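Encoded as structure tokens, the structure appears first; notes follow it.
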Amino acid sequence: MEQKLAEDHKRIPGALVLEGGSMRCLFTAGVLDVFLEQEMNFAYVIGVSAGSMTAMNYISRQPGRTRDVTLRFVNDSRYLSFRRMLRNRQIFNFDFLFGELSHELIPFDRETFEKSPQRFVAVATRCRTGQPEYFEKGICSDIEAAVAASSSMPILSRMVTIDHRQYLDGGLSMPIPFKQAMKEGYEKVVLVLSRNHGYRKPPISRLHQKIYRRYFGPLPQLLSSIEEIPDRYNRLEDEIERLEDEGKIFVIRPPKPVTVSRLERNRKNLEALYQEGREEGEKRLEAMRAYLGLN
């Protein structure tokens, strides 16, 4: 751990913003593993949904861990189970993920994570208000619960309680929180997205609208936030592309449309996406260094 923390004098005074996307974040994992190998340690890291999970392994300085966990356990019912989702509305087993898996099977370096001076923020959506809330390591009461909340997809997952308040997936209200990084005062902001350039979300189908209204009718503000997802996401993407063209932010994204689904279980497809992330991270490394003023 001492060697890992000794690298913190090389911290980059900029922000790293990680989009979610469940299994599509294997692309993000590939990019971040390149960053770790190159000792690209950002001072501020903010993640949404699976992006926040991937960020934990970046902060703990464990390249390859996100890939290893996913490929080893994606078809293990202790980790991901449609049967458990139907029975308990919990498709991902966070108790297993943060318990036996992280303590024994593929140990998570919690000490390095907790002692790292890098700031880490997970975004979750408060169910009563439908608004994003930001949970920072070292400040919030339970950062693992915050990451679980950030990663809890509606319908497929139960709400997560933190300090007597209920939360769900951060992507419902703030899918790409680059503005929060700017609000924190970071002038250099690097985004790692899980969708290709030009991607826009289609409107929510009538079937999904009916399902959401049935489940979340008693929470009208959350329902409203969910129904606004496509428009909100597409406006953010418009702004991201504009800021990228102006040189104000730096974006790494898949070079072509991602065919891996949110709940992909084909290891070959997941490995290919991880390798694509590595390749894109390596390809964009020098341009990112130039943007950050490190050359």
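The backbone N, Cα and C atoms fix where each Cβ goes, and this holds for glycine too.
Where the annotation comes from TrEMBL, it is an automatic prediction and has not been curated.
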| remark: Between the ranges 47-51, 177-181, 182-186, 257-261, TrEMBL assigns motif 'GXSXG' to 47-51
| request: Go through S49, D169, our active-site residues, and report the one whose Cβ sees the most other Cβ atoms within 10 Å. | output: S49
| task | For S49 (active site, nucleophile) and D169 (active site, proton acceptor), determine the Cα separation and express it in whole Å. | result | 6
| query | Could you count the residues of the motif 'GXSXG' (47-51) that DSSP puts in helix, in strand and in coil? | reply | 2 helix, 2 strand, 1 coil
